[in-house]
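Chemist: Pasting a structure below so you can have a look.
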Amino acid sequence: MHSPSRKDFVSLTFTGSGNYNSKQWRRQSCWRKWKQLSRLQRNLILFTVALMLVCGIATYPAVTEHFRGLTVVVKEDEGHVLKPVIPEVLPEPPSAKQKRAPHKRGPPGLQNRLQKKGTGSDIQVEENPIQDAKKADKEEGEKPLVKRGALIEADQATEGGTAKEAENKVDVPAVEQEDHSHEPEFDRLEAVRDAFRHAWKGYKEFAWGQDELRPISKSYGEWFGLGLTLIDALDTMWILNLREEFEEAKTWVSTELSFNKNVDVNLFESTIRILGGLLSTYHLTGDTLFLDKAKDIGTRLMPAFNTPSKIPYSDVNIGKGTAHPPRWTSDSTVAEVTSIQLEFRELSRLTQDTRYRAAVDEVMQKVHKLEGKQDGLVPMFINTNSGQFTHLGVFTLGARADSYYEYLLKQWIQGGQKETELLEDYLQALEGVKKNLLKKSSPNSLTFVGELSHGQFSPKMDHLVCFLPGTLALGAHHGLPADHMELAKQLMETCYQMYAQMETGLSPEIVHFNMHEGSIRDVDVKLADRHNLLRPETVESLFYLYRFTKDRKYRDWGWEILQNFNKYTKVSTGGYTSINNVRDPEYPSPRDKMESFFLGETLKYFYLLFSDDPELLSLDKYVFNTEAHPLPIWSSAE
């Protein structure tokens with residue numbers, strides 16, 4: 001049976017008595033009307049009101065964002081800062097003394113990012129990213145690129161964590177970037193100073209006098225307990241004209257730095273960072289405080305050479321005056337024992353004490369005569385007892401061997417180009433690289449340097465190898481064959497592509513190049529190799545290439561890299577952090593560590609790259625050690 005029909009209207013009857021304007025009458029009248037509605041009508045009205053309420057809440061942020069815009073321009077001193085609007089989470093404001101430089105995107109023609117479809121090595125890309133970048137050069141001139149920022153807050157660190165920890169993920173609104181490919185060089189220099197101040201702020205507040213800053217946890221890490229970051233950054237502060245910061249660091253060196261400690265230090269790292277940093281700062285400032293400290297640490301490191309073969313041990317106790325190899329082996333790495341020469345030779349020249357130079361020169365003479373090389377290429381390990389190469393048949397220009405080749409050339413330059421054995425070893429090694437390690441990738445024929453293991457070639461290339469373009473260019477500048485410069489340019493393009501083909505625009509620690517026809521991308525990155533440690537090698541080579549060629553693209557590439565460091569590694573409370581995953585711009589997974597070389601090398605080379613002054617550390621007067629500390633080239637009379 002059907003229910004009786006109901007009328008679809010409400011009949012209201014008003015009486016002539018009563019005060020219609022009274023609140024009581026109105027309340028009763030409304031309630032009476034509501035009660036007279038059918039259940040269906042009441043439900044429809046309630047549903048409509050609820051729907052309107054939900055829609056209003058959902059659209060409120062978009063409406064307010066429309067009126068507020070996506071960015072806020074804040075005037076501070078002489079600069080303008082383009083900052084993302086981050087609801088409820090704001091970085092701490094800079095001090096009034098800081099001069100903020102514009103944080104703007106690099107040149108559009110250099111953006112040849114991959115089209116991300118995942119985080120694995122199977123990410124799909126455009127068929128030819130290099131050629132597509134040239135095409136994008138025209139298109140992006142008309143249309144601004146929109147990219148995500150990723151300023152890191154201080155609670156997001158992961159120690160080797162995955163990039164998919166969604167609970168720690170930061171959602172930062174997209175920021176529209178403009179084309180500033182020809183940013184005035186002064187503004188770029190100010191941007192580098194600003195980056196240094198921000199890094200120094202974190203170090204000063206959370207790690208003062210300690211080895212390394214942990215910016216996420218607002219703490220520090222110790223290695224030797226000798227203030228590595230502070231000493232590594234001394235000459236950088238002087239070069240960047242940051243006198244206030246330099247003076248406070250100098251005061252710490254004068255009053256707090258002592259090498260009379262019962263602590264084991266690594267010979268190589270202590271030499272290039274501490275001894276090299278103190279010698280460099282002495283030359284730049286003329287302050288004998290730094291020379292005295294350099295002599296102290298240099299003397300304390302000398303027990304490392306007390307071995308049966310005169311090949312130094314890797315570790316020294318600078319308080320006890322004893323030395324030893326690592327616990328697990330009696331080997332030292334070839335790079336470590338052959339990349340301390342610039343510093344000890346210079347210490348002998350300044351102090352007129354020949355024992356420092358004699359010790360490191362003997363190492364080079366022994367390595368020069370050793371068997372086990374292949375076309376000038378050296379193995380990675382050498383035994384401190386026998387003085388012979390070990391682990392024969394493995395050759396690389398990456399970790400454990402890289403700076404051997406660098407210091408062959410630089411010792412020859414430092415000594416006034418007189419030591420022909422060093423030059424001969426360098427030239428022979430380069431021929432060995434060309435013959436055994438130099439290959440082309442597919443599909444874009446990028447020139448890269450791989451590795452050789454018992455006759456088997458591997459297309460693996462460390463980011464550390466990106467020192468080579470700069471070293472080749474430096475040799476060409478000092479009269480070596482012109483084809484060295486051509487190879488330097490080819491390898492420089494490759495090192496840039498290691499950045500440009502990553503979604504964050506930052507290079508991984510290790511890449512593998514594709515060599516098979518039909519490959520859709522040149523570079524693959526294994527999951528364990530996707531970290532970025534704020535390394536300097538590519539920026540270093542960009543500096544050399546720009547200084548010698550004046551080609552602006554090298555500056556523009558460097559500017560792009562600096563912008564990406566700011567986007568993905570900058571910590572809001574001060575400092576920069578290494579990241580675990582350069583393939584994930586949404587959450588690059590910060591590691592909570594700022595290496596000392598970020599201040600000692602990376603930012604210094606950025607500044608020199610953007611400087612228009614060719615006499616600022618002229619490469620005819622100075623040679624840089626492998627930690628970017630400039631030492632003078634000796635005159636022909638020395």
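Each residue, glycine too, has its Cβ placed from N, Cα and C.
What TrEMBL says about a protein is an automatic prediction, not a curated fact.
Residues annotated as active site, proton donor in TrEMBL: E269, E509. According to TrEMBL, the active site annotation covers D402, E537. The compositional bias 'Basic and acidic residues' annotation in TrEMBL covers 132-145. Among the features that TrEMBL reports, disulfide bond is placed at C466-C495. According to TrEMBL, the feature region 'Disordered' maps to 85-183. The transmembrane segment annotation in TrEMBL covers 44-63.
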Chemist: Using C495 (disulfide bond) as the reference point, find which of the active-site residues E269, D402, E509, E537 has the shortest Cα-to-Cα distance to it.
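Modeler: Checking each of E269, D402, E509, E537 against C495 (disulfide bond), the shortest Cα distance is to E537.
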Chemist: Could you state the CA-to-CA distance between E537 (active site) and C466 (disulfide bond) to the nearest Å?
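Modeler: Answer for this pair: 5 Å between alpha carbons.
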Chemist: I'd like to confirm something. Which of the recorded positions, E269, D402, C466, has a Cα closest to the Cα of E509 (active site, proton donor)?
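Modeler: Nearest listed residue in space: C466.
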Chemist: Just to verify a number: CA distance, D402 (active site) to C466 (disulfide bond), in angstrom, no decimals.
Modeler: 10
Chemist: Rounded to the nearest Å, what's the C-alpha distance separating E269 (active site, proton donor) and C466 (disulfide bond)? Just drop the number here, would you?
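Modeler: Pair distance, Cα basis, whole Å: 19 Å.
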Chemist: What is the number of other Cβ atoms found within 10 Å of the Cβ of E509 (active site, proton donor)?
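Modeler: E509 (active site, proton donor): 19 neighbouring Cβ atoms within 10 Å.
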Chemist: Tell me which residues of the chain lie with their Cβ under 8 angstroms from that of C466 (disulfide bond), as long as they are six or more apart in sequence?
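Modeler: Residues satisfying the criterion: L491, C495, M498, S507, E537, T538, E540, S541.
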Chemist: Say we define neighbours as other CB atoms within 10 Å of the CB. Which of the active-site residues E269, D402, E537 has the fewest?
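Modeler: Per-residue Cβ counts within 10 Å for the active-site residues E269, D402, E537 bottom out at E269.
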